[in-house]
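First up is the structure itself, then whatever we jot down about it.
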Amino acid sequence: MEVTSSNNGGHSSFSSFRVYLTSLSATPSRLSRRAISVSTSSDEMSCLRAVSGEHMRRTLRWYDLIGLGIGGMVGAGVFVTTGRASRLYAGPSIVVSYAIAGLCALLSAFCYTEFAVHLPVAGGAFSYIRVTFGEFPAFFTGANLIMDYVMSNAAVSRSFTAYLGTAFGVSTSKWRFVLSALPDGFNEIDPVAVLVVLAVTVVISCSTRESSKVNMIMTAFHITFIVFVIVMGFLKGDSKNLTFPAKTGHPSGFFPFGAAGVFNGAAMVYLSYIGYDAVSTMAEEVENPVKDIPVGVSGSVAIVTVLYCLMAVSMSMLLPYDLIDPEAPFSAAFRGSDGWEWVTKVVGIGASFGILTSLLVAMLGQARYMCVIGRSRVVPVWFAKIHPNSSTPVNASTFLGIFTAALALFTDLNVLLNLVSIGTLFVFYMVANALIFRRYVPVGPTKPWPTLSFLTLFSITSLVFTLIWKLASQGSLKAFMLGASAVVAIAIVLIFQCVVPQANIPELWGVPFMPWTPCVSIFLNIFLLGSLDAPSYVRFGFFSGLIVLVYLFYGVHASFDAEANGSFVVKDGQVLKELTEV
């Protein structure tokens, strides 16, 4: 595709230091012009795609997406979160917690699917928010998500060393060495984690189709190990453990901690579902987005939910909930049992495959986010380039791979785990809001305030419910306040549904039961955000501040230059050609 040149004689805010200082003085006016500038679907699929030069090949089918979705979600985290949530919150009813969390993930996946079907580009949530709320909200959420990807991938790669050691019966300390000159938390050097990250970077840079094949093979092995663990749990387990604890003084029954324990457990295990959002970033490489994306995204979430529920039942049958090891529930359940020690090695091998698959899918997703953010010019356009031979975003993949490897080399797992998840949940929340906005606000000059007011009121009500749930003391007053908040939230949705008609009904695939489905997703994501610890919010605030500074000192000026140079403009007929190719 031919794009108007932005180099010869074009305007640049970075041509000299004096020009840059002048540009900085114009920041307020440029912000007012660019910060909430909204692109269109045709923009995203035509002129912005042209910035990358080559196009990504459409080689993926629905089964590839299901494989990528399962690989992205079923990582090593489930081997940890299941035991922790059962021991501390839900008990045997952890299976119900997983079912609730799976429903939450499916509702959020529906929101992603509608956008991905109608906007099959690699930008994922960044593009979805850019066509609804504008450039800065999109950059803010997308950049936070990339930071979460990088840090969680670094954490996952370091955990690969631990599980690999379990599989071979070698202590983790044998794989790492300590540099006393570095501060605690940053002094354990892990070369294995670095090699894993760099190897995955090479794989995803070579070919998306080949990456999918590698993922399918590793995911098949991983699911085989999971099924093995489930079967062993049912064979060795005892159904009495589903209702009776080991110690008589502890609460008993299938719901030992009541409804509160079930929902608190759901909040914790929901993080095991994070990963399906990376599948939406593959939309630009799907052969038939209308048919393949709904099956791939929703199908992977449904399959993973079934696997998680079976794993939860298996674990609950192996041991009473008050004896479960919250750190390593499955391997610890078999450790010390006569003739069953070998199962712990199988768990280590299975978790290792899970780490590799989740790492591969996540690194595919983070590179495509960076690529599309580069297309928008708010970061250097170098990140947007597609290699002509591999048809992959090699620059973005390489840069983020090296950044991830550097973090994995030095940074302790516990430090990294305190810095993840909040950005991802925030993006899920933003995508659900964007879907409602897109459905109910007409395209063109219009007044979006009824919809924006509704979204604000509903979010505030959901936040009030969450704060009451977390902070209020148990009793009838708490139950009354929770009930009142729920009634107010339902009333707000009913009033909005009756007063504001849908302006844009999708022709291809749409989320059912609007606006209830995305509203439930909004509520649940706010509720889950309320379950995160203080360090998560400290990280979110710190990196959010950095993101704002990057946009103020670079992004808004580069974007303004691109607009002034006509770099977001394509020749007549190109938009129609791009749209009809899908």
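Cβ atoms here come from the backbone N, Cα and C positions, even for glycine.
Keep in mind that what you see is a predicted model, and the values were worked out from it rather than measured.
Helix, strand and coil counts under DSSP for the domain 'Cationic amino acid transporter C-terminal' (509-559) come to 40 helix, 0 strand, 11 coil. Here TrEMBL flags 509-559 as domain 'Cationic amino acid transporter C-terminal'.
Residues or ranges marked as transmembrane segment in TrEMBL: 62-82 (among others).
Annotation comment: TrEMBL describes 94-115 (among others) as transmembrane segment.
Residues or ranges marked as transmembrane segment by TrEMBL: 127-147 (among others). Sequence-distant neighbours of the transmembrane segment (127-147) (same chain, 6+ residues past either end, Cβ-Cβ under 8 Å): 31, 34-41, 43-44, 112, 115, 119, 121, 277, 366, 369-370, 372-373, 376, 378, 400, 423-424, 426-427, 430-431, 433-435, 437-438, 540, 543-544, 547-548, 550-551, 555-556, 559.
For 159-177 (among others), the entry in TrEMBL reads transmembrane segment.
Residues or ranges marked as transmembrane segment by TrEMBL: 189-207 (among others).
TrEMBL lists 214-235 (among others) with the feature transmembrane segment.
Look at TrEMBL and you will find 297-319 (among others) tagged as transmembrane segment.
Taken from TrEMBL, the feature transmembrane segment covers 392-410 (among others).
The annotation transmembrane segment is assigned in TrEMBL to 416-437 (among others).
Sequence annotations record features per position, and here TrEMBL assigns transmembrane segment to 449-469 (among others).
The transmembrane segment annotation in TrEMBL covers 508-530 (among others).
As annotated by TrEMBL, transmembrane segment applies to 536-554 (among others).
On the 0 to 100 pLDDT scale, the domain 'Cationic amino acid transporter C-terminal' (509-559) averages 87 in the predicted structure.
As a quick check, the transmembrane segment (392-410) and the transmembrane segment (214-235) miss the bar of 3 or more Cβ pairs under 8 A, pairs 6 or more apart, so the two do not touch. Long-range contacts of the transmembrane segment (94-115) within its own chain (CB-CB distance under 8 A, at least 6 residues past either end) are made by residues 82, 85-86, 124-125, 127-128, 255, 262-263, 265-270, 272-273, 276-277, 280, 293-294, 297-298, 301-302, 304-305, 308-309, 312-313, 315-316, 321, 428, 431-432, 434-435, 438, 506, 509-512, 517-518, 520-521, 524-525, 528. Long-range contacts of the transmembrane segment (214-235) within the same chain: residues 64, 67-68, 70-71, 74, 203, 307, 310-311, 313-315, 317-318, 330, 333-334, 343, 346-347, 349-350, 353-354, 356-357, 360-361, each at least 6 residues beyond the stretch ends and with a Cβ under 8 Å from a Cβ of the stretch.
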